[in-house]
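Student: Below is a structure I'd like to ask you about.
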Amino acid sequence: FSLNLAADCNAVLKALQPIFQEQGMTETVHNWEDHGYLATYIKKNGSFANLRIHPHGLVLVDLQSYSDHTKGREEVDQLLNKVEERMKELFHGNIKRVKRLPAILRGDVIDRYWPTADGRLVEYDIDEVVYDEDSPFQNIKILHSKQFGNILILSGDVNLAESDLAYTQAIMGSGKEDYTGKEVLILGGGDGGILYEIVKLKPKMVTMVASNIDQMVIDGCKKYMRKTCGDVLDNLKGECYQVLIEDCIPVLKRYAKEGRMFDYVINDLTAVPISTSPEEDSTWEFLRLILDLSMKVLKQDGKYFTQGNCINLTDALTLYEEQLSRLYCPVEFSKETVCVPSYMELY
């Protein structure tokens, strides 16, 4: 509750006390002269409520209970309804805003909560754990969302969902490129989405270096992300493609030494770091190294595609653009903003 006026902490406490007492809850009250009240109410079944009353006009009620049945949830709603009614009686028209947040389900078998790139917490409509394994390198999850289909999550980072063709199309040039007869190098892309879409366009050869060096990602995706990768991960070699399960840095160095050149290099390794201090973040060094090595295997008129980051991370994106002026050769660049459905943010 956000009030239009200062709160009489004692009056609020006395008005709400009977609601919790009716539930058979034991009360403990802490009072700070200039910082209001904290009242804790505990029920015999382990449920408890925290009532925090701030003098400047903010009243917070946090109710926690273990309940896996409809009746328990109804009891919680009824208690909160009574609190809201009593507050409206007490303050009449002086409540600026009432905000009731949905319940957060902790410790559930299915984890629905995943952060966005800019640190906001999103609750997904996950209804099934499709795949959950630890490889020597990372945790690999594929969860099913009612809206987005199966979602690949690597070590807590939402990578790609079956709904996210927009991501794949954007990192390939948004339909503006002609891949017919071209040599293409994909860095990363273990979900197989980019490879699947490019193979359709009749390239001369696509080499995908799945440099997470994690066969388990490929195995999980080829079984549970087939709407994204089709059948291209069933075999590591096809008529016009090959998949290398290797670290991309030695591969890039080898190709540069051999003089092998590509029309397109597509970097699907990692997003731009969130850190705005490249001197203190080894990920920036990694990205600069990948950029320089990629330029060495890119034809003079070739193109390099990569994802940036969430549009809200403006400092990190600006710093990334600054790195482009520090490469060993001059480059021109452009950028495009797209909506990736399962990210729930613009990228």
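Yeah, the Cβs are placed from backbone N, Cα and C, and that goes for glycine too.
Per TrEMBL, the features are:
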- ASP268: active site, proton acceptor (ACT_SITE)
- 112-347: domain 'PABS' (DOMAIN)
Student: State the mean pLDDT for the domain 'PABS' (112-347).
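Tutor: Summing pLDDT over the domain 'PABS' (112-347) and dividing by its length gives 90.
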Student: Count the other Cβ atoms sitting within 10 Å of the Cβ of the residue listed as 'active site, proton acceptor', across every protein chain shown.
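Tutor: If we count other Cβ atoms within 10 Å of the residue listed as 'active site, proton acceptor', we arrive at 25.
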